[in-house]
Structures are given as structure tokens and as C-alpha cells.
Number of protein chains: 2
Amino acid sequence: MAGEFDLIRQFFTHQAPSVRVGVGDDCAVFDVEPGAQLATSTDLLLEGRHFFSDIDPFKLGHKALAVNLSDLGAMGAKPIGCLLGLGLSNFNHSWLERFSAGFHALANKHGCPLIGGDTTRSEQGIIISVTVFGSVRAPFLTRASACDGDDIWVSGPLGAADVALSLLMRAQQGEALSDPEHELLEKTRPCLEMPAPRVELGLSLRNLAHAVIDISDGLLQDLSHILQASNKGAVLYVSQIPVNPAITHFAPAQKLKAVLGGGDVYELCFTAPASARKKIRMAGNESGLSLSMIGSITSGNKLKVLDEDLIEIQDLPSGFDHFR
Amino acid sequence: MAGEFDLIRQFFTHQAPSVRVGVGDDCAVFDVEPGAQLATSTDLLLEGRHFFSDIDPFKLGHKALAVNLSDLGAMGAKPIGCLLGLGLSNFNHSWLERFSAGFHALANKHGCPLIGGDTTRSEQGIIISVTVFGSVRAPFLTRASACDGDDIWVSGPLGAADVALSLLMRAQQGEALSDPEHELLEKTRPCLEMPAPRVELGLSLRNLAHAVIDISDGLLQDLSHILQASNKGAVLYVSQIPVNPAITHFAPAQKLKAVLGGGDVYELCFTAPASARKKIRMAGNESGLSLSMIGSITSGNKLKVLDEDLIEIQDLPSGFDHFR
């Protein structure tokens with residue numbers, strides 16, 4: 001159903017002169033004054049679709065801001081502030097207290113204060129809309145900037161969020177999880193519910209990386225967005241893709257699905273010239289993140305994924321489409 | 001239930017150094033660079049709460065942006081761009097075409113291009129979140145700036161939106177409207193469904209007005225917001241309040257309710273010193289708007305409304321509370 005996404009986008013893509021980066025990237029970038037550019041992004045989170053009704057409100061407050069800060073990170077933008085639109089079906093003091101505590105804790109950590117918003121009664125469950133602002137400088141880390149021969153990098157080990165989501169969905173449907181599954185859920189759910197947005201890393205990639213994206217739709221789908229926007233191809237080496245330790249014992253196909261296809265991941269995937277390798281490793285060390293070089297950008301526009309034996313995988317898992 | 005609003009706000013009011021105007025005004029204002037301030041506002045519109053399911057999507061697209069541009073107007077901000085978050089239950093080509101046409105038509109009129117957004121499937125009906133940005137200059141037209149002796153002004157005739165809403169709600173509930181009621185609905189519903197945001201007027205009030213607000217919650221409630229923020233009182237003269245021609249034949253109490261209490265109005269209410277009267281009238285003429293001087297700001301913190309015989313009205317209609 002990715003086609004529907006494209007169709008929807010066509011109605012809303014109008015380019016304007018003051019806009020440096022428009023509809024379709026992690027952030028929009030526009031001129032406030034000559035020499036002062038702002039990056040901004042908005043996300044809508046709906047109960048039952050983007051989070052379970054019984055989620056800890058502290059974690060929900062954290063995540064609602066995290067997914068937006070992740071977009072600033074992918075743009076190499078320095079957070080300035082945010083807005084919160086909140087639709088609630090009733091007034092629950094302790095829920096609001098915990099939600100706002102989770103929100104503010106992350107906001108404080110990244111210097112991104114809540115500066116305004118809107119509150120409304122909703123008959124349709126909890127509705128959260130967050131908008132973030134950050135300052136940026138050219139050259140912008142857009143999706144369209146990948147170059148032939150660039151290395152492809154990814155931050156952090158992958159796969160945990162997808163596994164946690166599958167287990168939580170089964171539990172929500174009343175299925176009893178086994179003890180090892182419970183243990184697996186406890187290990188993986190922080191990646192799903194308390195993702196750490198890569199704001200610091202994004203800032204340090206300015207003047208190092210070419211194209212950057214967060215992989216909220218999954219590694220394969222979001223890398224495809226870079227390839228489409230840059231009109232390039234890529235080769236990925238499965239053996240180089242970092243896998244979360246909690247799922248290394250999975251069968252290869254299951255692991256591949258989680259790592260390549262699993263969405264709701266707020267790590268950064270980026271491309272950079274080979275000459276930047278040393279500085280990128282240093283940037284990773286400074287952010288306390290392990291960065292992995294997982295492939296390279298090629299001419300043409302095909303995405304090839306090579307297995308451990310360097311044989312091309314034909315049956316790739318599909319990405320996460322919010323409009324499916 | 002206005003108390004709940006205040007309670008919710010308390011969870012989200014954290015002041016930050018770069019923020020010039022924070023949570024609780026029409027817009028938040030913050031520094032992008034030294035000397036470059038941005039005003040921003042966000043609104044959440046939910047199907048069944050803020051609009052009927054069968055609303056013409058062109059009008060819905062217009063209104064979703066209009067209510068946000070109105071906040072920029074109330075801040076004297078010049079529009080720069082906007083973001084749209086859209087939750088839809090299905091993909092309907094003609095609906096999207098008309099919605100986006102209404103949105104873009106108003107965006108073009110005010111130089112406020114759509115620069116980004118988010119789309120998601122919603123099981124809960126149509127959910128719209130719009131965020132607008134505009135450039136502003138100090139002194140800011142906040143709610144807290146009213147001074148003793150200021151005139152109180154309002155743009156445009158009032159009362160039509162409230163009447164249209166009442167009639168539409170009766171029709172939605174299956175009640176048959178009489179012919180004169182149908183005629184009245186046709187005359188009043190453009191005020192409800194296609195409000196014109198007072199962006200030009202807001203810009204021309206820079207350096208003339210003190211406190212400015214849009215009266216989306218109704219004249220009395222929003223004027224009260226100015227009085228509370230400014231720690232002032234006011235006296236209003238009913239005879240001076242401009243009434244929409246379509247409802248001048250109403251009984252006095254009915255008219256008063258629509259004019260003083262009716263929400264969903266995107267006119268500006270503002271306070272200004274008597275010395276600015278001539279320039280304000282000129283600003284009104286240039287915007288093609290009739291501006292009415294309807295009262296004055298007083299010390300103390302009481303809001304008095306005087307009837308045609310200058311006798312204080314004791315039983316005032318209450319305002320519109322989105323969280324009721």
C-alpha cells in the first residue's frame with residue numbers, strides 16, 4: 001500500500017521559494033531570516049495504532065517526543081523547542097502527571113522545551129501530535145544527497161523493537177507467553193517504548209555524512225527512500241548488520257525479518273564518503289554509540305542484500321507502512 | 001470545566017530561556033537566532049467534535065488552516081509556512097483532492113506554503129493537526145499587554161457562527177428545519193465553515209495595539225483571557241457590539257448569547273490606547289474590515305457588560321470550552 005502514501009503526498013507537495021527542504025524528508029527546512037534556517041517535523045500518534053492503550057504514560061510521553069527528535073537528528077538539527085497537541089477522553093491526574101514527566105524528562109535532556117500546544121476532548125481515544133523545531137546549517141543532511149561509492153552506516157544494534165512489538169501484540173490478543181518469551185520481551189521492549197533519539201550523532205554528522213534518515217519505517221524501506229531520492233542503488237552485507245544481542249539466537253530468516261523489515265526504530269542510517277570513516281568512528285565513540293558500516297551506494301537504482309555467503313537474497317521482508 | 005483546562009496546562013508549563021512567549025497565548029514565540037523570532041501555533045481538529053463528518057472537504061481544508069492562521073494574526077505574525085498531520089480511515093481520491101484544494105487556496109492567499117507533515121491511517125475518523133509558523137517582531141501582541149484605559153476593539157460582525165452551529169446540530173439530529181431557518185443557515189454557515197483569518201489586520205496592529213486575541217472561544221471568554229493575563233477589568237457596551245445582519249431580528253437575549261458566548265469565531269479582539277484610534281480605523285479600512293470600539297479596560301479585575309440602557313447584565317452566557 002506504499003502507493004497510497006505516494007498518492008496522498010501528491011496532494012500536498014507544493015514547493016515554495018523560502019523552503020530549502022520540503023514535503024517528504026525527515027524534516028522540512030525553511031528560512032526564518034536570511035542566514036537563519038529552521039528544521040521542523042510533526043508526527044501524529046494514535047491510541048491503538050501507534051501505541052497500546054495500557055502503555056505506561058511516562059513511556060508514552062517519552063516516545064511521543066522521541067520520534068520527533070529523531071527526525072531532527074536525521075537532519076543534523078539542534079533542538080530549539082516543541083509543541084504538543086493532545087486529545088484526551090477524560091481528565092486523569094496521575095496519567096497526565098506521568099505523561100508530562102516522561103515528555104519533559106526527554107525535552108530537558110535535549111534542550112527542547114515545550115513552548116505551546118492545544119488540548120481537546122477526544123471521543124476517539126488518546127491522540128498525540130508533536131511538532132519539533134531545530135536550527136540547521138547548509139549543507140543539509142537530506143535523503144537526496146547519497147553519492148556513488150558512499151559507505152552506508154547504521155547506528156545501534158537492530159531487531160529488538162520488532163520482536164517486542166510481536167510479543168506485545170500476541171499478549172494483547174490474550175495469548176499466554178512462555179517464560180523465555182517473557183524474558184525476551186523484558187529485554188527488547190525498552191527499544192520499542194523508550195527509544196533514544198540520535199540527536200547528538202546527527203549533529204556530529206554535519207559536514208561528514210551525505211544522506212541521513214532515521215529508520216522508523218525499517219532499515220530496508222528507509223534506505224529505499226534514500227535511494228529513490230538520490231536516484232542510486234546499494235549493496236548491503238547481512239553479515240555487517242548489527243543485531244541486538246537479545247535476538248542473536250533467532251533462526252536466520254526470523255532475524256533477517258526483524259533487522260531489515262522491523263519498523264519503529266529510531267537509529268540513523270546514513271551515507272558518507274570513505275574519506276570520512278575515521279571521523280565517523282570518532283563521532284560514534286563520542287556519542288557512546290557503535291556505528292556499523294553495512295554496505296555501499298552504487299550507481300543504478302537497485303538495492304541488493306547479500307547473505308553471509310555473499311549470495312543475493314531474493315525474498316526480502318517488506319517495510320512498515322503506516323497507511324497499510 | 002474550564003478548571004480542567006487550567007489543570008492540564010499546569011503539567012505542560014515549563015518556561016525556557018529562549019522562549020519569549022510560552023504556553024497559553026495564541027502563539028508561542030521563540031528565538032531562532034539573535035534578532036530572528038518565530039511565532040508558532042498548533043491546533044488539533046477531530047471529526048465529530050470540531051467538524052461534522054459530512055462537511056465539504058474543501059471547506060474543511062480551508063478551516064483547518066484558517067484557525068491556525070488566525071493565531072498568527074492574533075500575534076501580528078507574518079506567515080512563513082505550515083505542517084499538516086492527517087489521520088484518515090481510508091483513501092478517497094476526490095475527498096483528498098478537495099481537502100487539499102481548500103487548504104492550498106488559503107495557504108497561497110496568505111503566503112503560508114505547506115512544507116511537511118505526517119499521514120497515518122486512523123480507525124477513529126478524520127484527525128487533523130496543523131502547525132503554522134510566522135515571523136514576529138517585539139513588542140509582541142500578547143494577551144498580557146492590556147493597559148488601564150485602553151479601548152477594546154473587535155473586528156467583524158459577530159453571532160453568525162454560533163447560529164449556524166445550532167442549526168446544523170439540529171439538522172444533524174434529524175430535526176427538519178423550517179424554510180426561514182434554512183435561509184438563515186445559508187446566510188450564516190460561511191462564517192462557521194469558511195472563516196477568514198485576520199492575518200493582514202494583525203500585521204497592521206503591530207505598534208498600535210497592546211493585547212490581541214482571536215475570539216475562537218467566544219468574545220466573553222477570550223476577553224477574559226486578556227483580563228486574567230493582564231490583571232485588568234473591562235466594561236463592554238452591548239449597543240456597540242457589531243451584530244451579523246442575518247441575526248439582527250433575533251430577540252435580545254438570543255442575540256446576546258450568540259454574540260457574547262458564541263465560539264468558533266476568528267475575528268480579533270484587541271486593546272489599544274485612545275491615541276491610536278485614527279490609525280486603527282485606517283488599518284480597518286485598508287483591510288476592508290469594519291472595526292468596532294466596544295468598551296474599555298479598567299483597573300480591578302471585573303468584567304462588566306452594560307445593556308442598551310447602561311445597566312449591568314448579571315446573567316452572562318458562558319463561553320466555549322473545548323474540554324467540556
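Glycine is no exception: its Cβ is also placed from the backbone N, Cα and C atoms.
No curator has checked TrEMBL annotations; they are predicted automatically.
Per TrEMBL, the candidate among B:Asp56, B:Asp71, B:Asp179 that belongs to the Mg(2+) 3 site alongside B:Asp26, B:Asp214 is B:Asp71. Checking the binding-site residues B:Asp43, B:Arg143, B:Asp214, B:Ser216, B:Asp217, B:Asp264 against chain A with a Cβ-Cβ cut-off under 8 Å leaves B:Asp43, in sequence order.
For B:Asp214 (Mg(2+) 3 binding site), the nearest neighbour among the binding-site residues B:Asp43, B:His50, B:Asp118, B:Arg143, judged by Cα separation, is B:Arg143. Candidates B:His50, B:Gly117, B:Arg143, B:Asp217 (binding-site residues) were compared with B:Asp26 (Mg(2+) 4 binding site); those inside 10 Å Cα-Cα are B:Arg143. In this record, ATP is bound by B:Gly117, B:Asp118, B:Arg143, B:Ser216; the longest C-alpha to C-alpha distance in that set is 31 Å. In the domain 'PurM-like N-terminal' (B:24-136), the DSSP tally of helix, strand and coil residues is 34 helix, 48 strand, 31 coil. Of all Cβ atoms in the shown protein chains, 26 besides its own fall within 10 Å of the Cβ of B:Asp214 (Mg(2+) 3 binding site).
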